Amino acid sequence: MASTAHRPPRTAVRRRSPTAPPRSFRWIRRIFLTALTGFVLLPVYVMLSSSLKPLEDVSGTFHWLPSELTIRPYLDIWRTVPLARYFTNSLIVAGSATLCSVLIAIFAAYAVSRYRFRGKRVFTLTVLSTQMFPGILFLLPLFLIYVNIGNSTGVALYGSRGGLILTYLTFSLPFSIWMLAGYFASVPRELDEAAYVDGCGPLGALFRVVVPAALPGIVAVAVYAFMTAWGEVLFASVMTNDTTRTLSVGLQGYATQNDVYWNQVMAASLVVSVPVVAGFLLLQRYLVAGLTAGAVK
Amino acid sequence: MTTTTTTAREQAPPGRGGRPGGKAPATRRRVLLPARLRRAGLPYLLLLPALLLELLVHLVPMVIGIVMSFKELTQLTIGNWDAAPWKALGNYRVTVDLDAPVGAALLHSFLVTCAFSVLAVGLCWLIGTAAAIFLQDNFRGRGLLRALFLTPYALPIYAAVITWAFMFQRDNGLVNHVLHDQLHLTDGRPFWLLGDNSFVALLVVAVWKTWPFAFLVVTAALQSIPKDLYEAAALDGAGLVRQIRRITLPSLRPVNQVLVLVLFLWTFNDFNTPYVLFGKAAPEAADLLSLHIYQSSFVTWNFGTGSAMSVLLLLFLLVVTAGYLLATSRGRKHADG
């Protein structure tokens, strides 16, 4: 309906209808949106243009346009720092954390949305309140726990990818459970019951009926979990060593050397952003849909 | 909590064993009976992985953190932290003693964080809501704009903040080039990542990367407002401003209640932005609490006081959250009734 109304012949009646706003409003909208687009795109432009500049261009006064276009920075980044290794580490850590987090959140959200049981309120409140904890409060204790577990059982969590995966997947759990529980609640219970009648157990009903029906919400949660793990800095800076260092720490070190090759740093920033941004933009409609049906009630 | 999880584990297998295999006749009784048996244990079994992880990563470390705040912890005693000497409230006394440098610096950092959070949350909410309302009607290019606006949120934090750090460089950054070389607004080339300007720089970066979240949430919420409400209002002669004030904003209230709280908690606890923007030590004007505490614990090796500061921070956030939820829920009941 809206699409037919946005290009009407301009009659007085049309202009008063809610889908065709008055002219002044459209001007304000145009100005606001243009300014906002500029603000949003400015760093993206700087990142892209600087990554194609030779070193002289980024060491002296800033220029909007490169004096010459070069792809050298994109070739050099792999040699100046072990970017490929950081990249692999980040992929493994973020990928595994996302998989586990989504699976565990599906189970927990199913329990919260479909069952009545003692301690449910306590569980949801506790899980949600962990969102409030300052990371700095449990950084050192968690570090000590990992070291102690390593010393007593030989399972190396500190300095390993496994420890980081455990940490990150827990970071995204509260929000994922909360959102999926809302989403599952919007899947009609009759579907579950139909599955029971067909001979499915609860898990069968969950994975054959509820999960497919709630797929947008699950995709949204997966995107969120991946981004959380891909972008985290604080715990990665303490919990990783040279071989397990992830992109967040590696790139930060790259940008705080004494002589910063800004063109290379920008190229590296762009390279590490592409997978997440592409994935996010592809899946963003699910995120909006997921928020509409799940969290926002 | 532990007792309930063990009963969950004991009860689940009988439930599963009592399942009437594949030959369940379609009578409801035979299907529902084992389901009822299972109901007692199954939810706990489903929650178990999440619960264990929350315990390992969030809850137990928090308790240990609280215990540590009562201990004398330096780089010498940290290796065997549970044997470290008790200090009772000593750490807290140091952190809240406003005449001593530690306490004064903490208070300053606290005030900076408060100012920063209020400004950042206000701006993010304002920009996000305005953009969502402006993109409510369908017009050409709307989908493209929506995707563009979400880019800052999608970019990894460190990549975005490093780019801003480059833009704020004194000699080769874009900001000074525009302000000084092109618009001639400043006399010299100001520093943006040192001194008082750093607060502005931090605020700009934080707003840039956080407002899309507000936009996303408000966009989702707007989609659940029935269209006929607007049509009815338009028929009654209500203009756009009135429609926004009387329909859009009231409908957003419940969402805003959560959104503002979440934004506040995130910005107040924000560590990544100042850490990537300034490195390990932030300039005084932009000394956010998280980074301040990080520095007190890891750079000066004083883990006891660091923990005490974190606990105080947590207590503050708890009080603010509780007060906020009470106030807004009561306001909502008033509005409804």
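Positions of Cβ are set from backbone N, Cα and C atoms, glycine also.
Automatic prediction, not curation, is the source of TrEMBL annotations.
Taken straight from TrEMBL:
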REGION    A:1-20  region 'Disordered'
COMPBIAS  A:7-17  compositional bias 'Basic residues'
TRANSMEM  A:31-48  transmembrane segment
TRANSMEM  A:86-110  transmembrane segment
DOMAIN    A:87-283  domain 'ABC transmembrane type-1'
TRANSMEM  A:122-145  transmembrane segment
TRANSMEM  A:165-185  transmembrane segment
TRANSMEM  A:205-227  transmembrane segment
TRANSMEM  A:261-283  transmembrane segment
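It is A:165-185 that, among the stretches A:31-48, A:122-145, A:165-185, A:261-283, forms the most Cβ pairs under 8 Å with the transmembrane segment (A:86-110).
Most Cβ pairs within less than 8 Å of the transmembrane segment (A:205-227), among stretches A:31-48, A:122-145, A:165-185, A:261-283, belong to A:165-185. Counting same-chain residues at least six beyond the ends of the transmembrane segment (A:31-48), those with a Cβ under 8 angstroms from any Cβ of the stretch are 266, 269-270, 273.
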